[in-house]
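Trainee: Submitted below is the structure of interest, expressed as structure tokens.
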Amino acid sequence: MGSFSVKPVKVGICGLGTVGGGTFNVLKRNAEEIARRAGRDIEIAQIAMRSSNPKCDIAGTPIAADVFELVDNPEVEVVVELIGGCSLARELVLKAIDNGKHVVTANKALIAVHGDELFAKAREKGVIVAFEAAVAGGIPVIKAIREGLAGNRINWVAGIINGTGNFILSEMREKGRAFADVLKEAQALGYAEADPTFDVEGIDAAHKLTILASIAFGIPLQFDKAYTEGISRLTSADVGYAEALGYRIKHLGIARRTAEGFELRVHPTLIPADRLIANVNGVMNAVMVNGDAVGSTLFCGAGAGMEPTASAVVADLVDVVRAMTSDPENRVPHLAFQPDALSAHPILPISSCESAYYLRIQAKDHPGVLAQVATILSERGINIESIMQKEAEEHDGLVPMILVTHRVRERCIDEAIAAMEALEGVVGKVVRIRVEQLN
Ligand SMILES: NC(=O)C1=CN([C@@H]2O[C@H](COP(=O)(O)OP(=O)(O)OC[C@H]3O[C@@H](n4cnc5c(N)ncnc54)[C@H](O)[C@@H]3O)[C@@H](O)[C@H]2O)C=CC1
Ligand SMILES: N[C@@H](CC=O)C(=O)O
Ligand code: NA
């Protein structure tokens with residue numbers, strides 16, 4: 001530290017949990033390297049915390065009584081919001097902006113739900129709200145889409161964007177571990193959200209997908225229109241059948257441009273097992289972006305955890321420091337596109353989205369059920385890509401029939417499934433998992 005003659009930039013960190021602790025440690029450990037990049041030293045002027053047991057050595061660092069003392073501290077030029085949640089975090093960030101301070105946050109819920117409001121206020125005040133850590137942790141995917149792919153018309157984005165969920169699916173598949181047991185480990189490792197249903201029910205991934213779609217397509221943030229399905233109802237039987245058909249099941253967020261609007265959906269997805277993204281395991285995330293000029297790209301790295309996430313927070317801090325002296329009008333727009341040039345193209349309801357489908361039907365051991373199912377599909381113009389029929393299961397005498405269809409509108413498969421479930425030879429609900437080739 002102290003290597004630059006210009007005054008250090010003073011930052012305040014709110015929340016010293018997993019990401020806050022990691023950020024504190026990386027800023028201290030790599031201070032010199034960071035200053036060589038930023039052109040100024042970055043000094044932690046104050047912290048605000050609730051825990052008496054922070055994940056870093058804070059000795060000698062001034063502590064604020066609460067986050068509002070920190071945001072009102074005239075010394076603090078950049079506020080780093082790492083407390084999580086929406087309500088207090090929103091208040092805190094709005095106050096920081098109002099006080100003319102730049103903000104760095106890892107909070108995807110905050111950005112996905114309140115981002116439009118925060119960015120409008122930030123523009124008014126000429127400050128930056130940076131959020132690289134909010135999507136796919138340490139992977140610099142916001143920067144890649146917003147800046148590196150700025151020459152493209154983006155066709156689609158598809159990603160494994162929840163580390164906890166991918167960790168659970170990978171451990172269950174590779175080691176046969178139980179869902180609840182792996183989730184506990186993900187929580188102990190600091191991967192999971194304060195409320196882990198956000199991870200397993202796809203809400204966290206939908207927050208991130210909402211942000212990705214906005215910067216990819218130049219649309220307002222529309223979290224409430226995202227279709228969200230989690231991993232908690234996946235069975236090991238479907239994982240096994242998918243593998244036998246040459247697929248892996250991943251929990252994907254998919255945003256796709258169509259002629260009628262944008263698809264925005266999070267759900268378990270079968271992907272051909274030989275795709276790179278199908279082999280991204282554990283807490284790793286991977287985001288594929290397909291642009292008209294560049295074709296398909298893949299960005300991969302740790303999607304959660306203390307220092308991988310801190311890597312993104314600190315990169316944002318360096319960006320903020322570099323941009324502090326630039327004219328606010330000429331900075332990279334928060335959502336990549338100029339705010340007065342956003343598209344009003346709608347987000348499509350899931351019934352209008354298109355996908356291929358894996359269907360598992362539990363049939364009575366009678367001849368003719370398969371023919372009836374095939375008729376239901378062909379009457380609706382749905383082609384079958386592959387069929388697998390298993391032996392009758394010993395415990396219930398039912399025959400699992402597994403089909404993979406060609407691409408079709410969701411409402412068409414909904415109708416077909418309803419007709420199948422009404423057949424006398426079909427028992428219970430038909431399991432449906434979407435299938436994407438991602439090429
Ligand atoms: N854990 C991870 O791998 C990642 C987390 N994030 C996001 O980063 C944010 C922080 O997450 P974590 O560090 O995992 O959570 P955490 O629960 O480990 O840390 C949050 C910290 O903030 C403190 N805090 C809460 N309210 C406070 C207040 N009013 N004043 C002072 N301190 C307060 C808590 O005591 C806690 O120590 C969340 O928005 C999360 O979604 C983003 C990417 C990855
Ligand atoms: N809970 C999130 C943390 C990072 O965003 C995840 O598991 O991906
Ligand atoms: Na990121």
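Every residue, even glycine, has its Cβ placed from backbone N, Cα and C.
Positions annotated as active site, proton donor by TrEMBL: Lys208. If you look up TrEMBL, you'll see Cys14, Gly15, Leu16, Gly17, Thr18, Val19, Gly20, Gly21 marked as NADP(+) binding site. What TrEMBL records for Lys108 is NADPH binding site. Summarising the annotation, TrEMBL assigns L-homoserine binding site to Glu193. According to TrEMBL, the feature domain 'ACT' maps to 358-435.
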Trainee: Near ligand 1, which of the recorded positions Thr18, Gly21, Lys208 are found, taking a Cβ distance under 6 A to any of its atoms?
Mentor: Thr18
Trainee: Any of the recorded positions Gly17, Gly20, Glu193, Lys208 with a C-beta atom under 6 A from ligand 2? Give them in order, or none.
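Mentor: Among the recorded positions listed, those whose Cβ sits under 6 Å from ligand 2 are Glu193.
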Trainee: Return only the integer: C-alpha distance in Å from Gly15 (NADP(+) binding site) to Lys108 (NADPH binding site).
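Mentor: A Cα-Cα distance of 15 Å.
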Trainee: Measuring CA to CA, name the entry from the recorded positions Lys108, Glu193, Lys208 that ends up nearest Leu16 (NADP(+) binding site).
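Mentor: Closest candidate to Leu16 (NADP(+) binding site), judged by Cα separation, is Glu193.
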Trainee: Spatially speaking, which of the binding-site residues Cys14, Thr18, Gly21 is closest to the residue listed as 'L-homoserine binding site'? Use C-alpha to C-alpha, please.
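Mentor: Looking at Cα distances from the residue listed as 'L-homoserine binding site', the smallest one goes to Thr18.
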Trainee: So how many of the residues in the domain 'ACT' (358-435) end up helix, strand or coil by DSSP?
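Mentor: Residue counts in helix, strand and coil order: 23 helix, 27 strand, 28 coil.
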Trainee: Among the binding-site residues Gly15, Gly20, Glu193, which residue has its Cβ surrounded by the fewest other Cβ atoms within 10 Å?
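Mentor: Ranked by other Cβ atoms within 10 Å, the binding-site residues Gly15, Gly20, Glu193 bottom out at Glu193.
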Trainee: An 8 Å radius from the center of the Cys14, Gly15, Leu16, Gly17, Thr18, Val19, Gly20, Gly21 Cβ atoms defines the neighbourhood of the NADP(+) site; name the other residues of that chain inside it, in order.
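Mentor: Those within range, site residues removed, are Ile13, Gly22, Thr23, Phe24, Met49, Pro54, Lys55, Leu82, Ile83.
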Trainee: Do you know the mean pLDDT across the domain 'ACT' (358-435)?
Mentor: 95
Trainee: Out of Gly17, Gly21, which of these binding-site residues shows the lowest number of other CB atoms within 10 Å of its CB?
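Mentor: Fewest other Cβ atoms within 10 Å, among the binding-site residues Gly17, Gly21, is found for Gly17.
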Trainee: Can you name the residues of this chain that are 6 or more positions from Val19 (NADP(+) binding site) yet have a C-beta less than 8 Å from its C-beta?
Mentor: Leu82, Ala106, Ala133, Met306, Thr309, Ala310, Val313
Trainee: In the three-state scheme derived from DSSP, which category covers Cys14 (NADP(+) binding site)?
Mentor: strand
Trainee: For Cys14 (NADP(+) binding site), list the number of other Cβ atoms lying within 10 Å of its Cβ atom.
Mentor: 28
Trainee: Write down the Cα-Cα distance for Lys208 (active site, proton donor) and Cys14 (NADP(+) binding site), rounded and given in Å.
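Mentor: A Cα-Cα distance of 22 Å.
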